[in-house]
Amino acid sequence: MAIIIGIDPGSRMTGYGIIHQKGDTLRYLDAGTIRTDTKEMPERLKRIFQGLTRITQYHLKYSDEPIHAAVEQVFMAENPDSALKLGQARGAAIAALVALDLEVSEYTARQIKQSVCGYGAADKVQVQEMVCRILKLDVTPQQDAADGLACAICHAHSSHSMNKLLMNSTLRGRGTSKKKGRWRLTEEDLASLK
């Protein structure tokens, strides 16, 4: 069980989505955007940092479960100035999460779309629709918030798949242990995989 915060960074609007994962089940907790209407970049970065800090602290305060964070990686924009601003916004988001001692995983837009839609070149509307289906939402979230939720879903799928893969390979894996060339799991190992 875990809470996952997904972030879609942007210099004018940063989307976030928060889900609860229990095994294969994903449940919506929260989503929204942090708007930075000011023209000055330092003020925008401050708002992103403070907004994500406030949202994350709320969930840290009211949850006993571990919190994971996932952030969309920067794509190469045609305009270098846009790419730089996006990178700065992403840095402010990551700094807010790391300042609260969260581990941050990063995913490309293609990885997120592939995980959520099954197609790495899906458009924003397709991502919104699939987020609604996966989380059983009655109301379609705003695009940036849906992208934040999609990032969280991607992390849930990735971490759950990795745990299953680890469990299967560990149970069936062959190693160089002295006991018939098979790995042996202790109760502690099994508990750590849950």
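Including glycine, each Cβ sits where the backbone N, Cα and C put it.
From a predicted model like this one, the values you see are computed outputs, not experimental measurements.
According to Swiss-Prot, the feature Mg(2+) 1 binding site maps to Asp8, Asp144, an assignment based on sequence analysis. Here Swiss-Prot flags Asp8, Glu72, Asp144 as active site, drawing on sequence analysis. The Mg(2+) 2 binding site annotation in Swiss-Prot covers Glu72.
Here the features listed in Swiss-Prot are placed on the structure.
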{"residue": "Asp8", "record": "Mg(2+) 1 binding site", "Cβ within 10 Å": "28"}
{"residue": "Glu72", "record": "Mg(2+) 2 binding site", "Cβ within 10 Å": "25"}
{"residue": "Asp144", "record": "Mg(2+) 1 binding site", "Cβ within 10 Å": "24"}
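In the three-state DSSP classification, Asp8 (Mg(2+) 1 binding site) falls within a strand. A distance of 11 Å separates the Cα atom of Asp144 (Mg(2+) 1 binding site) from that of Glu72 (Mg(2+) 2 binding site). Here the C-alpha separation of Glu72 (Mg(2+) 2 binding site) and Asp8 (Mg(2+) 1 binding site) works out to 6 Å. Look at Asp144 (Mg(2+) 1 binding site): DSSP puts it in a helix.
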